[in-house]
């Protein structure tokens, strides 16, 4: 296969753009070698002689010195000149899934019987026994098999090999592992021909080189010849000491001077006391080689590396913390970066699972949420409800019997008034009570007014005589604004002399509600093109309303159902008016008498000025800080002040304080700045109760307990169990007949320990309940003891056209047992798929019980790109062998492990030859630094971003581009791009 038209100067504009961008990146200034020797004013090039400076591979001249380097697959010998083969198989099996075979200058991966080597040359794929295809063991290709039209196959070779005339076999060239030669390689018609440096002779294997005996003998005699007495000049005359004979006895460089020969050593070596011998310098012994973290000495040099959670900078010495919180998809809610690691946290009402994910906490699963009667779980919270004839106590958990019936409807907490003003609609949403702000949100907020009905459906009736016939009507609408940002700040709405109240006769909408919620959120910023600034962000404003209709509105001609329909029609009109006002920036919010902006357009650069803080925030130094618990934001004074006596506030960023509960008696004494209802004073403490939750209180009787303050009753232990003492505060004070271990709960009916059912867990001893797993997670088995055993099983689906992730369920937590996931990638026309597997963790205790496979279709005989059933910590990159991919992950009933997160990108097929040349080159994976690049999520995201959309290159500054890659990686890519560009030059 190849790129169409490579023989003529034709290229798609997108291709040329990408290549131009790559060249801009790869020709960035590369920092010079970190040499240590200061050179003389006039440098002598030691490499300019027939012996190549004594180097068997490459000789690099540097000011005042030189150094020898080796080709990939070789390492410098201790003499600093010879090059020895590196046995790549000694480290992590060379990255091979099955068998690693070391050869001179390289290595090969081989597969067990019944498998064949995949295109990435490291992993193995099951063979098919039927049909003539690339999955069949008889396809005949020596290296890579590609499907051709009409069911035939075409063969390709790995980089460094050429396809033989029979179009099946592959011929080795000097471009792969130096052709298997230790020193020099020359391509001939019969294949690579090896030769040795003049100081060496060829081994009988025709590949290896041995030091010549006459050279070794001369060196030995020179090093052992000594004269007890006499000066150096006499010795030089006697021994004819000159650089022309035996290199003057020098290990490395020899220079004739008036006082005799002068020996010197290349960079990374030091001259010994005998003035002849060179010894490798262990740079790591001096200030750790300048490395921030780890230093590893090598012959003639050294390498630095970093601890996990840090990355090596381009100076190849410094380590920088990886800020995982700056990456997408790190945490569901909040992310806190620490040196070398990070932690995730969830908002109130959510529980952390799988290390990074947040799921709704089912508070009702633990002791009925503390509710005396009915507990209803909601997303991010829960509510206690009461049976007919009871109302909810001020503590929101106990139920109090209703005497004399309840009013048929609650007084409105919210009002909406709209009218014509300035040629258009203007609306005011006013909150009178029950105000709550969502704290700590940037460029987003949520305001709640009043209280929602416990009836959960959009329209639902209660025919209970105590309440009368009541219908609750809910409506919700979302407005999309094309530019601007969310703003909840004080606004001057009217010029001087105008009143901020619309006259009654001019009001086109006037409604009252018992509950309203207004949420503003910013969408994604639209990126600009080259030379153009980013477009403003989109905004979304969502408003929810709830009102009640009741029997009082019923007439002879219109029953309750008719009233509901009229109400809904009226609300639809209100929503239309509200939408118009929002698009004109004429939707205003009034909280505690303060007029506020809901949103505003992004100001022009010339108009930008220092902005005031949002509602619920005060200036703290040079930044806006939310009012802390125990205080509230006073709109008139525009600052946070303490909650007055008789009130409390337990949340940050609020604009009111709640009155302390104390029916029938004003203001229990307390100190200002009460941040919790318990600070209001006079509450019954845990283990106590009273008729209203206030003093005087009684201790819970034996056989009962109460873990909370301000309660009107105690919970029974159940099953006739006594407590150890009066005033018990938890079920663990109940004297059970057996002590239940974690993963179990005590059944008070049978007085036995029962295993927690699937989907629940219990980490403590002696409990009478199990905790429900958060959100949509569940456990693999019953008897779970920890939240880590709660796993999300959601996975699979059709993936995006350009970039995305193939991710095991519950990642980075352990994936669930007995699961099956299927994904598909169907790129747009003329695009191919590139995949990077940074690492994959699958258990290897059984015979491939868990596996990941990528192939063309669900058929086991279709072309397979990748297949593995074991842990593989070395990264691998490869292109898909088919234009679309069907991907399946399967785990059996007994296994679980961390799994995988595999990024992919689709790219223009004109780049196919270049991309394949890069990912099939073993040098991409040979260096530890190169491996870290393929594991660097931020870097891979940037590379994929440019591959998918070349114009996105302009998002990255030149400095960012230079700092992304180590020099060795730049050299590798530069050679690939240069070779690929050659036909276009």
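Just so it is clear, glycine is given a Cβ too, placed from its N, Cα and C backbone atoms.
What TrEMBL records for 325-335 is disulfide bond. Non-local neighbourhood of residue 325 (disulfide bond): 331, 335, 336, 337, 342, each in the same chain, at least six residues away, with C-beta under 8 Å from its C-beta.
Residue counts for the domain 'EGF-like' (85-121) by DSSP state, with H, G and I taken as helix and E and B as strand, are 7 helix, 14 strand, 16 coil. The feature domain 'EGF-like' is assigned by TrEMBL to 85-121 (among others).
Taken from TrEMBL, the feature domain 'EGF-like' applies to 321-359 (among others). Here the domain 'EGF-like' (321-359) has Cβ contacts under 8 Å with residues 307-311, 379-382, 773-777, 787-788, 790-792, 805, 810-813, 936-938, 941 of the same chain, all six or more residues outside its ends.
Sequence annotations record features per position, and here TrEMBL assigns domain 'EGF-like' to 360-400 (among others).
Note on the domain 'CUB' (795-907): its mean pLDDT in the predicted model is 88. Annotation source TrEMBL lists domain 'CUB' at 795-907.
Annotation source TrEMBL lists signal peptide at 1-29.
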Study note, to complete from the structure: Cβ neighbour count (10 Å, all chains) around residue 335 (disulfide bond) is 17
